[in-house]
Amino acid sequence: MASSSLTVAFSLLRSTIHRPSFSSSLPTLLTIKPKVLNQPRSFVSTTAMASKESSSNNPGLHTTPDDATKSYFLQQAMIRVKDPKVSLDFYSRIMGMSLLKRLDFPELKFTLYFLGYEDTSSAPNDPVERTAWTFGQKAALELTHNWGTETDPDFKGYHNGNSEPSGFGHIGITVDDVHKACKRFESLGVEFVKRPEDGNSSL
């Protein structure tokens, strides 16, 4: 999408919010339950962990955030999708996400779907307030659908990171038991590019 279109899109998006209130790949980790990840492990010392995350071992890293960024948080990651019917089915039925907000831009012919694990029963009914509420949630997934791609025979789809050239890697979702989750995915018809036990992941 051209930068001019994006500028218009963001301008339109802002206009919908009149009352804003917000301005090896470690495969073993896949088999560890979330609560275990927060517990100290005997084979990793806190000193070693601290040294790996220190600025001296990570050139370019600033450990004291600018005061201007103190209220910042990661709100969304955006991916473009060919067919929203297919994508919404996957993220809601299989991954258990809820649709937080849908925004349509008829002039530019695209729709944004914001999904996440928030309880939408507490979301405001007013469209403007719901938009503000959505942008106040952390770690949402935004699906962007450019109208017509789902029926265009010449549209080959977007690069998903599963083949060359490398770029986009993945969307990470924590589950209680990765093998149990994979069995469920398989029973629901999900096709795997690679299973956890396959190993040899490349970044």
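Every residue, even glycine, has its Cβ placed from backbone N, Cα and C.
Copied over from TrEMBL, here are the features:
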type     : residues              : note
COMPBIAS : 47-61                 : compositional bias 'Polar residues'
REGION   : 47-66                 : region 'Disordered'
DOMAIN   : 73-203                : domain 'VOC'
BINDING  : Gln76, Glu142, His170 : Zn(2+) binding site
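Taken as a whole, the domain 'VOC' (73-203) shows an average pLDDT of 91 in this prediction. Around the Cβ of Glu142 (Zn(2+) binding site), the same chain contributes Gln76, Ala77, Met78, Ile79, Leu112, Tyr113, Phe114, Leu115, each under 8 angstroms and 6 or more positions distant in sequence. For the region 'Disordered' (47-66), residue counts in helix, strand and coil come to 10 helix, 0 strand, 10 coil, using DSSP. All protein chains considered, the CB of Gln76 (Zn(2+) binding site) has 17 other CB atoms within 10 Å. Counted within 10 Å of its Cβ, the other Cβ atoms near His170 (Zn(2+) binding site) come to 10, all protein chains included. Taking the centroid of the Cβ atoms of Gln76, Glu142, His170 as the Zn(2+) site, the other same-chain residues with Cβ within 8 Å of it are Ala77, Met78, Ile79, Ala140, Leu141, Ile171. Glu142 (Zn(2+) binding site) falls within a strand segment according to DSSP. Secondary structure from DSSP puts Gln76 (Zn(2+) binding site) in a beta strand.
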